[in-house]
Amino acid sequence: DFDDKPDSLFFSDGQRRIDFVLVYEDESKKMTHKRSVHKKQKRKRQAYESNLIKNGLQLEATRSVLDEKLIFLKVHAPWEVLCTYAEVMHIKMPLQLDDLKTRESAFNWFSRLFRVDENIIKPEQEFFTAPFQKEHLSNFYIQDKDTFFNPATRSRIVHFILSRVEYATKNNVKKFGINKLLDAGIYKAAFPLHDSSFRHPSTDPGCPSERYLLYREWAHPKNIFKLQPLDFIRKYYGEKIGIYFAWLGFYTNMLIVAAVVGVGCFLYGCLTKDNCTWSQEVCDPSIGGNIIMCPQCDKVCTYWNLTITCESSKKLCIFDSFGTLVFAVFMGIWVTLFLEFWKRRQAELEYEWDTAEYLEQEEQVRPEYEAQCTHVVMNEITQQEEHVPYTACGKCVRMTFCTSAVFFWILLIIASVIGIIVYRLSVFLVFSARLTQHISGKEVIRKYLTPQTATSVTASLISFVVIMLLNIVYEKVAILITDFELPRTQTDYENSLTTKMFLFQFVNYYSSCFYIAFFKGKFVGHPGNPVYWLGKYRIEECDPGGCLLELTTQLAIIVGGKAIWNNIQEVLLPWVKNLIGRYCAAARSEKVVPRWEQDYHLQPIGKLGLFYEYLEMVIQFGFVTLFVASFPLAPLLALINNMLEIRLDAWKLTTQFRRMVPQKAQDIGAWQPILQGIAILAVVTNAMIIAFTSDMIPRLVYYWSFSVPPYGSHSSHTMKGYINSTLSVFNISDFKNASKPFSPGLGNQKTCRQVYRDLRYPPGHQHQYEHNIYYWHVIAAKLAFIIVMEHIVYFVKFVIAYVIPDVSEKTKSKVKREKYLTQKLLHENDLKVVEKTMGKIADKIIKGVDSAFRPKAE
């Protein structure tokens, strides 16, 4: 029975600590028409619990206070069990206090302003550690057996046992593990306990109330500008969650520099937009007002005046400026600095959190893998038989099937993108025919709501909705494929799932941006000979200033909408569910509820843990780096989002979710090579955006070559006349019947201008409508720019990566010191025992020899 102590973390005797809680429904109180099923479940549960006791665990059952059908089974691991499995799992434990002196950083006084108060959360003592061994128990730093294994380590050991205890045998195949029992509904939940309420400290004087401290000093919004207490997070939640928040905090701090430079480039564009000569020409009634543009679609579209694009050209001057080029080069270097400095920080955490040799020593085989090990093979190294789940041929078949499935679903994503493109092409005709009629006479609206803008915004919104829906589908598909693949360890499983999910998400999120940046308006032909998509839809064209502004709009909608959607999904839904659960519980009873029952009514964290948090941040990292040349404010938006994301994730973990099973993690896993791949690709995409999507290279070619003789008529280098010289002339009499507009002609004017800068010879020229020499100069300049920029940035990246070592000298010294102490304390002591034992044996042998050869007494 419950002893009315809501904050108690112990069995009813007040001595044995609760390390884990299992929850099940009393079979005798379930529905009667499924009695046979319930009996089978009860037998499996009882067999499982019996085997838990045989493995040394101690159990205590307590009925629910609020629901008499529920029973909470509390699990305690005694000292002997903890020692035995700590050795099996190669868990590193403290040998002695760290005696290496650390130098104070020059910026330590500044960082102290943003740290958590050390009087509230005391810094963790640093120890030299070694894998635990029972036979060397006396060499480890044990002050109190009850605290030697902290609650996170105790829970991890108990979960290891729970995952490997069998409950049934069928067809000579053993069935085991708490995960299968949870999936079968035999148990409703399994979780370690939070140590207190997040609202107030525990009433138990022996409880440190770490959850309350984490909420108060980490998750609360007031701490948004404070540094995270990473060691304390790791102590409570384990290394896997600790490394995520360490990476997210480091990424957010590095974004500060990128955001400052990005805002500087944006302000530079705002300050210089009034001096933008080509935009002034577009807006000038005597220049842009006299330029009549050709229709942008067949028949229903009309001729239009260039001055309609005046406002968009002013906005484009902000983003398509020299500052954008500087920022793109800077971000190529910034991303290298970020990754190299993170490697150093990660190496420090690996040592401090004892995960440096985790993969080699400690990680165990997944229970799902073990359960399928029915084939016997010969190990080439040990020359012994071992069990595996599939033969070499079976593994090949599985890999082929999984790879084919991944490519099939990627092709489906591409098909959805093609559907969006078809929508853009077809709806542009509708907007071109009807939009101008419905808003005629309203010049203010017409300036901003052009057919191109309406098409771009609606297509971006539809693209965002399709992306969100496809994410739900592909998540389940990726999990099914990875389950079928059957990876050996949890790290292998997560890395495999990470690769698949990122491939899906990469194509899903970025394909529309790649289309706008590198394909839209690039292969359109000319008004007399347009190119058609699927033989029906005329390829859409960019604005006279290019597609850069449309790419910026697409990025803003996807990035902003994604952030709002994720926060609703991750924060609002769990909060609403918990609110409903608390309301229902309060309506049923006003009784005192124990800690384990309070935690049961929180939301489960899910099998994949922080996978989606990483995925969200890596996708954001891609938007910040891959397309930053078109949107210099992206780092600022990412910085603001991440500052909120850290506290929202912390709030979610401490208040809305059950405590996760603490897990080890050496690094951020497969996300590291993905980030490195994005960093390499970002240099190429930004160089190509500046070269092919923006209008910078054509303007520079005009300024330096075609504004002065022999190609130009100006006496000095200037941007004057740029618009007139880059918009190709087309004779309206050369329209084909299929594309000739229904609207009447232009009076005496016989020509119109192409919307895009295609740089063709005018009508009447011997090579009319063919590309002129200006076009080939621009193409050569674009290719030269890409090659030069890539080589410069890649060279700087290589130098930075070479100069900055992955592991600092301080960390190397600590690792060497720890290995020395381990050898001295553990191995040399063994040698001394051997020497002492062998010395005694040698003395006995010598004495025996002496007595054998001593002369007999006369």
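Note: Cβ is positioned from N, Cα and C throughout, glycine not excepted.
Please treat TrEMBL annotations as automatic predictions, because they have not gone through curation.
According to TrEMBL, the feature domain 'Anoctamin dimerisation' maps to 10-230. Sequence annotations record features per position, and here TrEMBL assigns domain 'Anoctamin transmembrane' to 233-818. Per TrEMBL, the feature transmembrane segment maps to 244-271, 322-342, 407-433, 454-474, 617-640, 668-692, 773-804.
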Legend entry - Intrachain residues whose Cβ lies under 8 Å of the transmembrane segment (244-271), provided they are six or more past its termini: 227-228, 230, 233, 317-324, 326-327, 330-331, 334, 337-338, 341-342, 345-346, 349, 610, 613-614, 617, 621, 624, 628, 632-636, 638-639, 642-643, 645-646, 649-650, 668
Legend entry - Chain residues in Cβ proximity to the transmembrane segment (617-640) (below 8 Å; excluding those fewer than six residues from its ends, i.e. six or more beyond): 248, 251-252, 255-256, 258-259, 261-263, 265-266, 269, 319, 323-325, 327-328, 331, 335, 502, 505-506, 509-510, 513, 517, 548, 551-552, 555-556, 558-560, 562, 671, 674-675, 678-679, 681-682, 685-686, 689-690, 693-694
Inset, instruction - For the transmembrane segment (407-433), could you work out the same-chain residues 6 or more beyond its ends whose Cβ comes under 8 Å from its Cβ atoms? - result: 295-298, 300-302, 451-452, 454-456, 458-459, 462-463, 466, 470, 474, 477, 503-504, 507-508, 511-512, 515, 533-534, 537-540
Legend entry - Chain residues outside the transmembrane segment (773-804) and at least six past its termini with a C-beta under 8 angstroms from it: 328-329, 332-333, 336-337, 340-341, 344, 679, 683-684, 687-688, 690-692, 697-698, 700-702, 705-706, 711, 725-726, 758-760
